[in-house]
Structure formats: structure tokens, C-alpha cells
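Since the structure comes first, as C-alpha cells, the remarks are kept for the end.
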Amino acid sequence: MRWIKALSAVLALAMAASSAIAEDFPPPAKVLFASEAAPTAGEPQSIGFYSKGCLAGAEALPIDGPTWQAMRLSRNRRFGHPDTIALIKKLSREAAQYDGWPGLLVGDISQPRGGPMLSGHASHQVGLDADIWLNPMPDRRLTLREREDISAQSVLKNDGTLFVDPEKFTPAHERLIMRAASYPEVQRIFVHPGIKKALCDDWKGERANLAKVRPYYGHHYHFHIRLFCRPGSPDCDPQNRVDMADDGCGANLAWWLSDEPWAPAKPEKPPEEPAKPPPKPTRPSYTIMSDLPAACTAVLDAPAPAELPQAALTPAIPLPPLAPWPEIGPVPTQRPRG
Ligand SMILES: [Zn+2]
């Protein structure tokens with residue numbers, strides 16, 4: 001498949017670059033996990049924490065369903081714990097049936113074996129996180145190419161404030177997010193603080209579930225659903241539960257809407273003494289396999305199923321032709337001494 005070749009070329013470059021920086025260090029775990037094209041065979045298991053772990057026995061979200069379309073297929077991040085895949089399908093179906101939401105555009109879930117990624121997220125490593133775009137699904141099937149190129153739309157006002165634009169963020173958006181929050185297997189939902197503010201102001205339904213909807217940076221193009229660790233995953237590290245008695249519409253939201261979270265980081269005070277040369281690093285600055293739970297090394301080494309289900313196969317995505325190399329003219333063969 002063509003995209004796999006393209007991906008491996010990128011990975012080879014990334015490998016070469018990182019080994020040039022740190023010859024003695026093991027390769028980045030994200031390069032190893034990103035180069036796995038298929039999940040492991042066997043029972044599903046989330047191992048480790050949302051931002052430091054991996055996933056065995058993943059299931060793929062089919063690229064198309066009656067009420068969803070998966071986006072950015074070239075990233076190969078539509079794998080998750082089977083409960084995550086089932087929840088996305090259920091949300092897509094119920095939102096279409098009850099909420100006036102025509103269907104989901106599904107962004108990143110996890111890689112076939114979870115783990116850290118080359119770009120984008122700190123979490124999404126154990127197959128229990130999923131990004132859902134805030135644009136409704138169009139009433140036609142997007143082409144594979146469009147799924148790479150179409151941008152998610154921000155629901156914020158264009159004026160640099162933190163608030164949503166009511167033209168872009170509608171009651172149907174609110175029903176969709178609150179439906180996701182209503183599912184007992186969902187432990188948190190991340191949204192932009194402006195979205196949380198709109199929900200706090202407007203939501204007339206069951207307000208207890210507002211506690212699960214947590215403001216965070218970003219998340220005005222998509223919202224992020226996080227499931228609890230699932231039964232059958234004894235090595236899944238749970239995150240603390242949210243306090244369901246606090247809907248988060250008070251002090252927490254006020255803080256997010258203040259200047260404090262958005263202030264630029266203060267410049268570091270220059271050291272008083274002349275700086276010593278930094279000590280030679282004893283470990284790389286990136287995550288390596290020994291930073292992850294030991295079981296993740298076994299996940300990386302485990303065989304794929306003898307035959308992958310149809311849903312796990314990603315079709316070749318037609319890419320535009322590569323731009324020609326720029327003409328740089330003749331290069332002089334003699335070099336000045338220096
Ligand atoms: Zn996310």
C-alpha cells in the first residue's frame with residue numbers, strides 16, 4: 001500500500017535524524033509505535049496511563065459508517081479499545097437520532113498498538129481517548145483525499161476572545177457533547193473554556209454530567225472523549241475521578257476565563273553565576289521504551305493477527321504529485337579555503 005511506503009520513508013528519516021543527535025541512546029518510542037501498521041492479536045488490554053502506555057488487541061473504527069466518517073486516514077490513528085469503538089458508534093447513532101447532529105467526523109483515536117505518537121498528542125496512548133470534530137458530518141461521503149485536506153472549523157468568535165460564536169456553536173453541538181458526557185463509561189470530556197461557559201450558561205438538561213466536561217487549551221476544533229479503564233485491563237492506570245458534586249461552572253471556569261492561564265510564560269531569570277557547561281545528558285530527552293510499562297515492549301513485539309479484519313485496512317490515499325526539487329543552478333567545484 002502506497003501510504004505505508006510513504007510513512008516508512010518519513011519514519012526512516014526521523015530515525016536517522018534522532019540517531020544522529022544521540023548515537024548512544026535507544027530510539028524514540030514514538031518512532032517504534034508509529035511504524036506498527038497493525039494491532040496485536042488477542043484480547044484487548046489498555047496498559048499504563050493515558051499519556052504513557054500502549055494498547056493490545058485494538059479494534060479499528062471502519063472508515064465509514066451510517067453516521068460517521070473517519071478523518072485523516074493517513075495517520076492510521078483510528079484504532080482503539082473495542083469499548084471505545086463501540087462508544088463512538090453509539091454516540092454517532094444516538095446523536096443522529098435524537099440530537100439533530102447528522103453524524104460524527106472522527107479524528108484521532110490511537111495507533112494500532114497505541115503508544116506515543118510522532119505528532120499531536122500527549123495522551124491517546126491506551127486506546128481510551130477519541131477526538132470528535134466540531135463540524136457536523138456533511139451529507140455525502142468525503143473522498144479519501146478530502147479527509148486529509150479538509151480543516152476542522154473553530155467554534156470560537158473571530159475576535160480573539162475566549163467565547164464561542166453562536167453562529168458556529170449551536171444547541172445541536174451542546175446536545176452532542178452532553179450526550180457523550182452522559183455515558184457511564186465516559187470519565188472526562190475536554191473542551192475549550194468558551195464551550196464550557198456556553199454549556200454552563202445554556203444547559204437545561206441533567207447538570208450533574210457537566211462535571212465531566214473539563215475546560216482545556218485547544219479543543220475548539222474538536223472535543224475529546226476519555227473513557228474509564230475497562231474491565232480486563234489490570235495494568236491500566238486509572239485517572240482520578242472528577243468530583244461529580246461540582247459542575248465546574250464556578251471557580252474553575254472563572255480561572256480559565258481569567259488572564260492567568262493564557263499569560264505568556266515569564267522569561268527565566270538569568271543566572272547570577274556564569275553558566276557552567278551543561279553536563280552530558282545521561283538519557284535522551286524523548287520517551288524511550290524503558291519509560292513505558294514493561295508490558296509495552298511485549299506489545300510492540302507481539303504478532304499481528306494472521307488476517308487483519310477488513311476494517312483495519314487503510315486504502316491507498318491518492319496524494320498530489322511531489323513538487324519538483326528547486327533549481328539551484330550550477331554549484332562551483334572549487335571552494336574557498338577557510
Ligand atoms: Zn484528543
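Keep in mind that glycine also has a Cβ here, set from the backbone N, Cα and C atoms.
A TrEMBL annotation is a machine prediction, not a hand-curated record.
Between CYS249 and the candidates CYS54, CYS200, TrEMBL records the disulphide bond with CYS200. Which of CYS229, CYS296 pairs with CYS236 is settled by TrEMBL: its disulfide partner is CYS229. Residue counts for the region 'Disordered' (261-287) under DSSP (helix as H, G, I; strand as E, B; rest coil) come to 2 helix, 0 strand, 25 coil.
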